[in-house]
Number of protein chains: 2
Amino acid sequence: MESDGPNIHESDFYIRFGEASHMNIEEIRGRSRVILAIDEEEPRKYWNVLDAVGSSVKAVKLGWMAILSLGSDGVKSLINGHDDKYFIMDAKMADVNFINEKIARRMAGLGFDGIIMHGFIGPSNAPPSVMDVFVLISMTQGPTLYDASLERAMDYTKAIDRRGIVVPGNKPDIIRKAREQFPSDVIISPGIGAQGGSIGCAVKHGADFGIVGRSIYESSDPVESLKRLEREAAESQC
Amino acid sequence: MESDGPNIHESDFYIRFGEASHMNIEEIRGRSRVILAIDEEEPRKYWNVLDAVGSSVKAVKLGWMAILSLGSDGVKSLINGHDDKYFIMDAKMADVNFINEKIARRMAGLGFDGIIMHGFIGPSNAPPSVMDVFVLISMTQGPTLYDASLERAMDYTKAIDRRGIVVPGNKPDIIRKAREQFPSDVIISPGIGAQGGSIGCAVKHGADFGIVGRSIYESSDPVESLKRLEREAAESQC
C-alpha cells in the first residue's frame, strides 16, 4: 500500500474511517472462538471491561441491561468507540413482527451487527434482515417449551433469513443435533462457565463461539483468562 | 376526613404524596376494561397521547420502544407524571432467571406496576415478585411453539407467582380455555383492532382488559374512541 504520510498505516486507515473496520462474523470465525458478554448495571463498567480486554476480543454481546444502564446513546457511543469489534444485541426478541422490526431497525441504527431472536416465535414474526439475525432454539436453563419442541423450533429456524443460531453451551447433545441440521450456520453458545458449560466441549460438539462474561472480565487478568478460553476452545475437548 | 387546610382534598393528598395514588390492577378491574398501549419512536408522542386521553385511561402498557425512545429516565418521568395510572412494562421477558431478575428490578425502579414475561420460559426462569407479573401463554400472530404446547404453557404458568395472564384478543377460544384454567387471574388481551380482535368478544370469552393502541390515540377524538371501546367491552358481544 502506498503511504498516505509518515504516521498512517493500513490498520489505522480502517480504524479511522469507520465501516470497513467492522469485521463480519465470518471473518472472525476461526480466528477467535470467544464472544464477550457484558450485562452490568454500572455504565462505566462497559468501557472499563472493553478497555481491559482490548483487541483480544473480536465480538461482544450486549443485552437489555446495556440499554437500561447506558441508554441508547451510550450504547451507540460504546459501539462507535470500539469499531474493531462485532456487536450482537441479545434482545431475545419474542414479540410480534411489527414490534420486532421496530426494535431491530433501532438496534441497527445504534451500530449493532447482529441481533438474537427467539425461534419459538416462528418465521412469521421474524424481523426483516436489517442486520445479522441469530435464532435461539434452546435455552441454557429450564425446563422450557423448547424441550418438547426442538424439532419444530429447528424447522421454524430454517425458514428464517439468518446468519446463525444460538444453542446452549451447557447442552452438548443439542449443539450436536443443531450442527447436523445447520451445517453452515454460525453457532454461538451461551451457558459457558457459571451455567456449567465448557467451551472446549461446546466447540467439540459443533459450536463456533462460546459466549462468556464474568469469568473473563471479573478475572484478575482478563486477557490471560480470554487466552485460556481460546486455548480450551482450540483444544476442543470435553 | 378532617381537613388539612382549605385547599387539600383527599384525592389531592394521594396525588401529592405518591405511592398510594397508584391504583392496583384489582381496583381498576371492573371500572375500566381498556389498557392503552403506546409503542412509538418519538418521545414527545408518549406525553401527547397521555395528555390527550387524560384520566379516562386507567392503565398503560409500554414496551422496549418506550425505553429506546424516551430512555430509562424519560420513562421514569412519564410514569411519575401520570401517577393516577397503572403502568405495565411489556418486556416480553424471555431470558434466563438472573437476567430477568435484573430487568424486573430495574423496571420496578422506574415505577412500573406490572411486567409481562413469556410463559414458555417456565417457572424456573421467572423473576422474583418485585411487582405484578403477567404471564403470556399464547401469541396474537404465528404460528408459534405455543400452538402445540398450550396445556404445558398453562401448567408452567400455574407454578409462577403472578397477578394475571396475557392471552390473544384475536383468539377467543384460547381466552375461554385460559379463563377456565385461571378463574381468578386478571386476563389482559392484546391483538384488539389492528390484529383483528374485538374487545367485546374478548371480554365475552373471559378477558378483563383489552389492550388497544393506535385505534385510540390516532383517532381524531381519542377520549370518544376510548369510551366507544369501553361500551363495546361492557356490552360483551361477539
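Cβ coordinates come from backbone N, Cα and C, glycine included.
Listed features, source TrEMBL:
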type	residues	note
DOMAIN	B:33-229	domain 'Orotidine 5'-phosphate decarboxylase'
BINDING	B:ASP39, B:LYS61, B:GLY213, B:ARG214	substrate binding site
ACT_SITE	B:ASP90	active site, for OMPdecase activity
ACT_SITE	B:LYS92	active site, for OMPdecase activity
ACT_SITE	B:ASP95	active site, for OMPdecase activity
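Looking only at the domain 'Orotidine 5'-phosphate decarboxylase' (B:33-229), the predicted model's pLDDT averages out at 97. In sequence order, B:ASP39, B:LYS92, B:ASP95 are the recorded positions among B:ASP39, B:LYS61, B:LYS92, B:ASP95, B:GLY213 whose C-beta falls under 8 Å from a C-beta of chain A.
Neighbour counts of Cβ atoms within 10 Å were taken for the recorded positions B:LYS61, B:LYS92, B:ARG214; the minimum is at B:ARG214. For the substrate site, the Cβ centre of B:ASP39, B:LYS61, B:GLY213, B:ARG214 serves as reference, and the other residues of the chain with Cβ at most 8 Å from it are B:LEU36, B:ALA37, B:ILE38, B:GLU40, B:ILE211, B:VAL212, B:TYR217.
The separation of B:ASP90 (active site, for OMPdecase activity) from B:ARG214 (substrate binding site), Cα to Cα, is 16 Å. In this record, substrate is bound by B:ASP39, B:LYS61, B:GLY213, B:ARG214; the longest C-alpha to C-alpha distance in that set is 12 Å.
Cα distances from B:ASP39 (substrate binding site) to the active-site residues B:ASP90, B:LYS92, B:ASP95 are smallest for B:ASP90. B:LYS61 (substrate binding site) is 6 Å away from B:ASP90 (active site, for OMPdecase activity) when you measure Cα to Cα. Put plainly, the recorded positions B:ASP39, B:ASP90, B:GLY213 were compared by Cβ crowding within 10 Å, and the winner is B:ASP90. Taking the Cα atom of each, B:LYS92 (active site, for OMPdecase activity) and B:GLY213 (substrate binding site) are about 17 angstrom apart. Rounded to the nearest whole angstrom, the C-alpha distance between B:ASP95 (active site, for OMPdecase activity) and B:LYS61 (substrate binding site) is 20. Secondary structure from DSSP puts B:ASP95 (active site, for OMPdecase activity) in coil. B:LYS61 (substrate binding site) carries a strand DSSP state (E or B).
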